[in-house]
Amino acid sequence: MPTISRQEYVGLFGPTTGDKIRLGDTNLFIEIEKDLRGYGDESVYGGGKSLRDGMGADNRMTSENILDLVITSVTILDARQGVIKADVGIKGGRIVGIGKSGNPNMMNGVTPGMVVGVSTDAISGEHLILTAAGIDTHIHFISPQQVEHALSNGVTTFFGGGVGPTDGTNGTTVTAGPWHIHRMLRAFESLPVNVGILGKGHAAVAMPLVEQIKAGVAGLKVHEDWGATNSALRNALRVADEMDIQVAVHTDSLNEGGYVEDTIDAFEGRTIHTFHTEGAGGGHAPDIIKVASQMNVLPSSTNPTLPYGINSQAELFDMIMVCHNLNPKVPADVAFSESRVRPETIAAENVLHDMGVLSMFSSDSQAMGRVGENWLRVMQTAHAMKAARGKLPEDAAHNDNFRVLRYVAKITINPAIAQGISHVLGSVEVGKMADLVLWEPRFFGVKPKLVIKGGMINWAVMGDPNASLPTPQPTFYRPMFGALGKTLQETCVTFVSQAAMELGVKESLGLERQVMAVHNCRAISKKDMVRNAETPTIEVDAETFAVRVNGEYATVKPVRTVALNQRYFFS
């Protein structure tokens, strides 16, 4: 059999097993662990290439038995799959195959269900990286334009609350009451992302919560600005257990209703998603970070403090004053803001992410966080932690696969598991909805090349539409056909409770998007957090705020420069 050099092969078909890829300008290198295609029978689109009539494309089969879309020879980076090279087959908006595509009449080893034919389109993935699209579980629905910025950084799913720029929405991720819930469910009909709405979890009895769950929320939020009391937490968790939804909490910074130990007691061992697990964004001062040691706690933190930089402390004060309706002329308000910003716990937050103790990243959009920077901050933090802490014990000698996959999990599969949507989204696996992001390695984590939503490209870097090619300047992100008309509704999902599904919320509100129920939100724990399931003992010194993890001081110095930064942006 004829052979070619590895360098020639990479030029033609992209990297294969054993090849390494640098991610942007970071210090992170991934190595392809296995290749599921067949050497010499690769599916390649283009003039003179193999995916032609009667060659790699079957010219007899009808659409029923062939792919709608094939992504050829792409490097898959997925928290569950690892780092693999494969073709990815999409049909009906879902992933139906990962392996070898083509024409089984002419090619050996074609994976069942991955036949290419007359009804198949192709994306050339030879020199690209494919990930599951990002999931942001901490969105303040302040402005609909957040969607554009999120898509431009590879995020296709929003979980959060709010109704626009009210003071309540600016401070809390809560859509309060059936009237607001129904208006927001209808508003999202025209926005090209998946969505799940969080209702207000503050009640002394069940019915005010139950009516929101039946109205169509996918979870509840308990927030200190509305009173994160132990009674509210217990009641919300009790109702959530009965109706299989998730509860998110932003705890009591002022410790008015109790301390962190009291809040842990109020959880009563039940599953809960803790926002701001470090505390700069809010929560028991100074030691909310201790909840990350609990098996029933699914901990996330937000991107303003990740990675920990020399300006992190300074910018957080003003963020808090604006978001939480505080007055800089009132000493008590100033003290409240200052109590939340602790460099020692911010440094520890970064370390705990690197150790796999904090399981998820989110943005806290326009309410102390940046919705268009989740993938960016994930990769910047991974780079900064490798620079500060060296290789992880789990990493191989010559690649950073484990560390990179740990961080990818924080923005893909783990948020999906926490919010009860991992049966639909969160990973590059057969059967999942085809919400996928294609990246050029040099732009990984910064600027995706294509965002695929439900099997259709809905967001992409595109040049001048009046040019003779797609590439001439100015190139910037533009909505594609998948984000328009009825196709938007066919490729996007609104997540609601099972109770709302059974009551026919889709029909009663006239929703045209796909509507699906969240499930398995309660019978999960920290051990289900992929590559981020550690539960060490965490202690915080009440005087110095120093954090110790299993007795060892957990800290890093603030970074002065970060990867994936000004080299990639004009400002």
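Cβ from N, Cα, C; glycine included.
Listed in Swiss-Prot for this protein:
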type    : residues                       : note
BINDING : His138, His140, Lys221, Asp364 : Ni(2+) 1 binding site
BINDING : Lys221, His250, His276         : Ni(2+) 2 binding site
BINDING : His223                         : substrate binding site
DOMAIN  : 133-571                        : domain 'Urease'
Task: Looking only at C-alpha atoms, tell me how far His276 (Ni(2+) 2 binding site) is from the residue listed as 'substrate binding site', rounded to the nearest Å.
output: 11
Statement: Among the binding-site residues His138, His140, Lys221, His223, His250, the one whose Cβ has the most other Cβ atoms within 10 Å is His138
Query: Taking every residue in the domain 'Urease' (133-571), what is their average pLDDT?
result: 96
- line: Per DSSP (helix/strand/coil reduction), Lys221 (Ni(2+) 1 binding site) sits in strand
- prompt: Where the distance is taken from Cα to Cα, which of the binding-site residues His138, His140, His250, Asp364 turns out closest to His223 (substrate binding site)?
  reply: His250
Statement: All chains considered, the count of other Cβ atoms within 10 Å of the Cβ of Asp364 (Ni(2+) 1 binding site) is 27
- prompt: Which whole-number value in Å describes the distance between the Cα atoms of His250 (Ni(2+) 2 binding site) and His140 (Ni(2+) 1 binding site)?
  reply: 13
- prompt: Excluding Lys221, His250, His276 themselves, which residues in that chain have a Cβ inside 8 Å of the centre of the Cβ atoms defining the Ni(2+) 2 site?
  reply: His138, Thr172, Thr173, Val222, His223, Glu224, Ala228, Ala248, Val249, Thr251, Thr274, Phe275, Gly281, Gly282, Gly283
Task: Compute the mean position of the Cβ atoms of His138, His140, Lys221, Asp364, which form the recorded Ni(2+) 1 site, and then list in sequence order the other residues of that chain whose Cβ is within 8 Å of it.
output: Ile139, Gly160, Gly161, Thr172, Thr173, Leu198, Ala248, His250, Phe275, Thr302, Ser362, Ser363, Ser365, Ala367, Gly369
Query: Around His276 (Ni(2+) 2 binding site), how many other C-beta atoms are within 10 angstroms of its C-beta?
result: 30
